[in-house]
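To start, the structure under review is shown below, and the notes come after it.
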Amino acid sequence: MALYATAASVLAGVESRRGSIKGLVYASSFQNVKQLYALVCETQRYSSVLDAVITSAGLLRAEKKLRPHLAKVLVYELLLGKGFKGGSGGRWKPLLDRHQARLKAELARLKVHRGVSKNEDLLQVESKPGPASQVPRFVRVNTLKTCCDDAVDYFKRQGFSYQGRASSLEDLRALKGKCFLLDPLLPELLVFPAQTDLHDHPLYRAGHLILQDKASCLPAVLLAPPPGSHVIDACAAPGNKTSHLAALLKNQGKIFAFDLDAGRLASMATLLARAGVSCCELAEEDFLAISPSDQRYRQVQYILLDPSCSGSGMATRRLEEPRAGTPSKARLQALAGFQRRALCHALTFPSLQRLVYSTCSLCQEENEDVVRDALQQNSGTFRLVPVLPSWPHRGLGTFPGAERCLRASPETTLTGGFFVAVLERVEAPSSVSRAEAPAPPPEAAPRRKRRRRAAAPGVPPRTEQVCRAVPWAGGPRHPAAQPAGFKVLFFLLL
């Protein structure tokens, strides 16, 4: 049956880090996405249990042609899932029937060994539902295609009950059934109860809605590039933040989006096309190899940097890697080294005015430590900007000003785990003084005695106006930072 083979392929992709469960499921050709997603998630949740049962029963030794990931999916369905009823199972059913008694015996033996009576009790602590399972479903309205009022009306016509704008996190926690709210902070973010599935909703499939966690919306909102700006999205795939930037730009301006993974870029191109993005230029390039002196990026004043990270704050990470705890010290050092290089490289773009650095990690090494080191290397050039003063979860106090950073977690903000820092260029005092200083008056030319011509009776003497433009000599090079049309008019009375 195609379901089991596709599920096995998704599990193999997750294990080899080709993508997330959700991304690989939706990239597959299997029609019933919801069924496939549920099977893969549950198989992965019981992964260690299934490995133990399959090994003890000697299934892979007896069936040489059976691949490990497919065996795991089939054994899950036999022992813990719906079972092979009717015609389900296809050609695999006779194979499983041969080993059914042994597999069930090994599962029972495992329960006795661990002193439990229920299948659920076999799960490790990190695989059991926690606060992350209570995070609401956040839905960003894509303003390139629709508006918030129209999206709300559509849901109301479908029988959902609109509760207005939330006033606190408690309003979000209390959401149930078919009720939904407008987020209290972000004006185009709708909030539905946890576990609400909108992947098959017509507005989502048409690109009018983007399923994006609230914390993941913060980088673009805090970067806040005005329409017409040139922006770099340094590590862009899978593209939700890129589409958010395009919506803020109203498709006016330019987004340069970089990523090294060709497969992720292809999926991103599909996502951006569905979202109606037309101002983005995708490039399969390493951001660290991009030259800041390249003339294509001379007008880039905004950079969003969301580099590869441990993903320790992702609500789905425990599901996709149930045996993965805190990243090892060696892995954290390698990630932080890359993140530090990427951030310092981004700060060398000559016209850069504002940068947002973000990760979906909870680790200090990837967050506050990276920002601190970058600021030290660019002392006096960039500063941390205080943002969202009412946000309840701030950066760890590891250096002066770290509280200007933002953190997020299921427990404190009802979102996935996240980190955000906003950096702005500090204008050099010399540039400011030159920009504000008035232009020196021209030297007065020596006056010549001229014979005054007699005017006709009743006619005033003729006056001639001469306008001279003085070029701008000081201040920042970027046109947005200098006075437009700076001119001094000299009026000479002849």
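Cβ coordinates come from backbone N, Cα and C, glycine included.
TrEMBL annotations: computationally assigned, not manually curated.
Among the features that TrEMBL reports, active site, nucleophile is placed at CYS360. Shown in sequence order, ALA215, SER216, CYS309, GLY311, SER312, GLY313, MET314, GLY416, GLY417, PHE418, PHE419 are the residues of the chain, 6+ apart in sequence, with a C-beta less than 8 angstroms from the C-beta of CYS360 (active site, nucleophile).
Annotation source TrEMBL lists S-adenosyl-L-methionine binding site at CYS235, ALA236, ALA237, PRO238, GLY239, ASN240, LYS241, ASP259, ASP286, ASP306. Listed in sequence order, PHE258, LEU260 are the same-chain residues six or more apart from ASP286 (S-adenosyl-L-methionine binding site) with CB atoms under 8 A from its CB.
Taken from TrEMBL, the feature domain 'SAM-dependent MTase RsmB/NOP-type' applies to 127-426. In the predicted model, the domain 'SAM-dependent MTase RsmB/NOP-type' (127-426) has a mean pLDDT of 93.
The region 'Disordered' feature in TrEMBL is assigned to 431-464.
With the fewest other C-beta atoms within 10 Å around its C-beta, CYS235 stands out among the binding-site residues CYS235, ALA237.
Binding of S-adenosyl-L-methionine is attributed in the record to CYS235, ALA236, ALA237, PRO238, GLY239, ASN240, LYS241, ASP259, ASP286, ASP306, and the widest Cα separation among these residues amounts to 19 Å. Around the Cβ of LYS241 (S-adenosyl-L-methionine binding site), the number of neighbouring Cβ atoms within 10 Å comes to 25.
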